[in-house]
Amino acid sequence: MGARGSVLSGKKTDELEKVRLRPGGKKKYMLKHVVWAVNELDRFGLAESLLESKEGCQKILKVLAPLVPTGSENLKSLFNIVCVIFCLHAEEKVKDTEEAKKIAQRHLAADTEKMPATNKPTAPPSGGNYPVQQLAGNYVHLPLSPRTLNAWVKLVEEKKFGAEVVPGFQALSEGCTPYDINQMLNCVGEHQAAMQIIREIINEEAADWDQQHPSPGPMPAGQLRDPRGSDIAGTTSTVEEQIQWMYRAQNPVPVGNIYRRWIQLGLQKCVRMYNPTNILDIKQGPKEPFQSYVDRFYKSLRAEQTDPAVKNWMTQTLLIQNANPDCKLVLKGLGMNPTLEEMLTACQGIGGPGQKARLMAEALKEALTPAPIPFAAVQQKAGKRGTVTCWNCGKQGHTARQCRAPRRQGCWKCGKTGHIMSKCPERQAGFLRVRTLGKEASQLPHDPSASGSDTICTPDEPSRGHDTSGGDTICAPCRSSSGDAEKLHADGETTEREPRETLQGGDRGFAAPQFSLWRRPVVKACIEGQSVEVLLDTGVDDSIVAGIELGSNYTPKIVGGIGGFINTKEYKDVEIEVVGKRVRATIMTGDTPINIFGRNILNTLGMTLNFPVAKVEPVKVELKPGKDGPKIRQWPLSREKILALKEICEKMEKEGQLEEAPPTNPYNTPTFAIKKKDKNKWRMLIDFRELNKVTQDFTEVNWVFPTRQVAEKRRITVIDVGDAYFSIPLDPNFRQYTAFTLPSVNNAEPGKRYIYKVLPQGWKGSQSICQYSMRKVLDPFRKANSDVIIIQYMDDILIASDRSDLEHDRVVSQLKELLNDMGFSTPEEKFQKDPPFKWMGYELWPKKWKLQKIQLPEKEVWTVNAIQKLVGVLNWAAQLFPGIKTRHICKLIRGKMTLTEEVQWTELAEAELQENKIILEQEQEGSYYKERVPLEATVQKNLANQWTYKIHQGNKVLKVGKYAKVKNTHTNGVRLLAHVVQKIGKEALVIWGEIPVFHLPVERETWDQWWTDYWQVTWIPEWDFVSTPPLIRLAYNLVKDPLEGRETYYTDGSCNRTSKEGKAGYVTDRGKDKVKVLEQTTNQQAELEAFALALTDSEPQVNIIVDSQYVMGIIAAQPTETESPIVAKIIEEMIKKEAVYVGWVPAHKGLGGNQEVDHLVSQGIRQVLFLEKIEPAQEEHEKYHGNVKELVHKFGIPQLVAKQIVNSCDKCQQKGEAIHGQVNADLGTWQMDCTHLEGKIIIVAVHVASGFIEAEVIPQETGRQTALFLLKLASRWPITHLHTDNGANFTSPSVKMVAWWVGIEQTFGVPYNPQSQGVVEAMNHHLKNQIDRLRDQAVSIETVVLMATHCMNFKRRGGIGDMTPAERLVNMITTEQEIQFFQAKNLKFQNFQVYYREGRDQLWKGPGELLWKGEGAVIIKVGTEIKVVPRRKAKIIRHYGGGKGLDCSADMEDTRQAREMAQSD
């Protein structure tokens, strides 16, 4: 380690490892801390050898000490470890870092007092970090060390001209001459923008210097002149002159310090540019800790770098002025000019107490005012409660305790046997419950009353005269959330006067009171005989009350309370009586708006906070038929993870989310734990992959992202549903399959087994069930408030309405109450009542919306993954920021690249990114949709073939977007415009349900001409055409018929694949010809060159015949933009022509000029290819009308020729060649439908996976005829699943009977819905087209249907495997049989491992996976390699273990033991 290892000797190293990092902490210093400190010294230009002595450490501390108050955490850590090393060198005994800092600072203060005062700066002693030093009475310049320059470069590169750069420059340039400073600037010269800013500041300051210090005139010979501005900047002065100006005896001019000040001004301007946050904008958030606010404040303050007096003023005024109201109140109480340490200490306990104050004030308000009418309260009975009803016999007039009838068996709540009332599933879960004493506690049923109030009750209270009629209503000694204060006090006094009875009911043990948290639990308590009302608050440590006197035996104490600190009196061992129990605890008295009992009293009372479980009905869940639950062993876990899982499981069990699995449960799923993002807490994960495989399928969860372009509403509120999964119960019959085992450390005891009672995370059904449950909960509320917009996405709910503030708040309150009543929690900290609302990446206001702040990443090295994320952010921003472009950035990651592959930026991509950054810096706002206002869409074309559009209502922009999908190298502007219109139409239909009026940059005539002949899209919305000034037009005029009397050019090109040499040329019908020799070309390029040659040499009107389908395809598309130079030349020439006819003729067989030109360009290049099978292929197509791939497969002709044959057929050229593709479904899945043609009924069945069809004409569309057809189909082909629409014939009993007898699962969809039975609907269309082609070959419709079915099954090739549907179906059946056979053969080789030896090596290797066992050898798989090993060199063992985790160190041990056993064998 060099000098790093010599910093401390062996003895001092031992002493270092005894010093603690923090007072009272467990962690101690290690040698790695010294190594880290050595590396950090380079940043400050300090030699690592300084750490080897006490004096050296003292020099380091002098440099670092002034920077510590405003420095970063790394700087403070470096200062701390240097203090510890200093104390070790000084032989000072220290226990921890704080002691070392005190001793080091004491030594620094003593040395400062000993230093003599000087009036002018002098050069430092030898060995300092200064370039000018005094040797023998003369000043000598030493160049800056590479370490100093390296530290400066590192500082700039790492901080990116952040606030730390300015103080870093001050420290590193101390004592430097202008020459040295220029050397530092040259080291970071690649930052051109920053350097230009600094140069401008230098020029301005130099001009000001020259104006303020005019030249005195000619100087005597030999006398040193006064420095000019350029001299200070080091451009017209030497190093010697700079030293003389700095250190001359009379009138020294500190040119170095002056130049440093200029550079600092420039750096400050750079910092402000790179870090635009102003010190005035640094304000503390309502819940932001004061320390975090101070860190941000000082970071921005360092960027200011103003005069120390100004900085001091900012600290004393702005720091306090911009704090939140709670901290500001505390800070003002500290008096004038408090120190930073005092401010941090005073605000340490405040983390947004304003919120706490509002909550407590709300609690007090709710306790003293009537509750609002809850949702659907009209369905609940009003009035007082009825008479007492016995739970045992059901009669009125007495309670169950007084009942003389025999005790009824089973639950008193629901009447069912098998459980008691305390465990009744219909009982509402209690939140706050006293722990049971003695036997199991009997818990009474508990639900909110009709008025929304909550009550407290014990079983013996009905005997005191309380009314408990209504079954679920529970009386209370005091009403906690409704009624007036007088009734609260009256009820409390009555309860106190009644004699206290023992809460014991027969043999059922102690019955504890329950407190629901639908409202805040306010109860009456007696403190040393003084009656008070208190709020039970489990979020507070201490208890504090007001308005009582407990004597003079107290301890003064200051606690963080509402609005700041509260002076209180703390009394210990005070007698408190609450809810029938007497305890002695510590309590404080002081000025508090509401009395609180905190955890110190609640724990003494035995109260716990219990999690609610939703009262929604569990969804029935089953395993797949014939499947069983997972039985996978738990893999070993580390001690740390076991303890973490134990704590998590115990907490979940207390909250009712888990329960202990019975010993008869045979199922198990592995569990493990990972660290959360903060690295302090653990998260439990269950590997539900096996359970997911055997669980039934669920509706696919389609969390469609809701847009924020909702209709404009007056008020908006956002609420969050917390822990939704854990609030919904799991089907009790399915819970057994979720069992998992928590192992014990060292297997000291059997693992504890649990099962889930709620929806577990990671299980496939949780999302679907949660979605379904939330919809059922919200549906009644939506119907009751039809004028309110409720958007739910995951656990975020947005409520928007035009109601008044009071009515809107009431709706929100009712929705929250409804969710709480159903068991869903709505955390207050995520409740957003006032704008702006943070929702789904947006900031919402009632009248406008914006995107949340978008920050583009800054990276040194860009990878493919980083580029993908950058494009995603830009695409997200494009919905509001017009002009966002990503074309050149996307080009950076074209091709097959790995995610971690490094990407080099091009100039165009960098320019595009910088342009996007400028766009994102501008403020953009969106508007909401207004009904009955016309919706408009304006399309614009930008450079580089990128399109932008905005959807607006008048001048209110609802949405903007971009389109840049250019799939072809050569494309047409009108075609792209059609795709843009298609995209806008789909978006508008989905979001607003209507098509906008389009403003398009094209003339209607141009559009109509292109659309008639060259349509290329599947769907275009209807619109009212409003053309803007045209930017798009058809570039040239292609005619459909040959031009009479004009010259005809026959073009051709050829290329030798080996030499890449080629020729291009043409021959005309008038005897002209021309050939051009090409090098390094291709056949396609040669064909294009020949076409361009003909265009160049021809008249304004010309006929051109080509034999290249490639050229014909490009010209027919009428491209206007291209990336190919030769195509660009063709476009340029075509624009000049008045009219051009382009024809295509396949091959060159006997076609006059085409054959001649082919012979002309083929000499020495290629052999002529005669396609003799064209005519048979054409005859085959005229007979069967097969598709392109069938012709290619059967006749071996090129695909271009086959495609032209199909396109030339007038019966097949209705809508071009279809794009073939098949949906690969299960082997036994068919779709069936009925269609009509010529008054006949045709029943069609399609095999989904292969496209094979069965079709015939049936006399009637009845269930009987359909059942007969289905039976005929099932007798020919394997069918297990039939999907149809819900027509009467398909839902008839006859069809269902056949399906049951054959064993077919039948599902239904919606008629004519493409998503329901899209395959058979499309096949009906193709079948009718095929019938139309063959109709003239048969008389009856029955015959032509069967002929068309034959052609579609045997004459239509394509899709998966390039097969016909008949070949594909037979292949699939055969493949399925082979798979089943091999699976049966290979099943016995599973779960076996093989250890083997190779060659003469006696060491056993493995284990490998057994693939096959033969008579003389075995085939094994080791990693990705397949090996054949003789039987005599292989040992086969059975593998009994389950899956293994990442930290199962036992696996390696087991493997090692197995190898040793195999070797000994």
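Each residue, glycine too, has its Cβ placed from N, Cα and C.
In Swiss-Prot, the feature zinc finger is placed on 1172-1213, out of the ranges 248-289, 542-583, 1172-1213, 1256-1297. Swiss-Prot lists Asp1233, Asp1285 as Mg(2+) 3-binding residues, and of the candidates Glu1254, Glu1305, Glu1321 the one it assigns to that same site is Glu1321. The motif 'Nuclear localization signal' annotation in Swiss-Prot falls on one of the ranges 26-32, 40-46, 1335-1341, 1433-1439, namely 26-32. Within the set 837-845, 873-881, 1089-1097, the record from Swiss-Prot flags 837-845 under the feature region 'RT 'primer grip''. It is 7-31, from the ranges 7-31, 382-406, 807-831, that Swiss-Prot records as region 'Interaction with Gp41'. Annotated by Swiss-Prot as region 'Interaction with human PPIA/CYPA and NUP153', the relevant range among 186-223, 642-679, 1022-1059 is 186-223. In this structure, Gly217 (site 'Cis/trans isomerization of proline peptide bond') belongs to neither helix nor strand by DSSP; it is coil. On its own chain, Asp1233 (Mg(2+) 3 binding site) has Ile1243, Val1244, Thr1284, Asp1285, Gln1317, Val1320, Glu1321, Asn1324 as residues at least 6 apart in sequence with a Cβ closer than 8 Å to its own Cβ.
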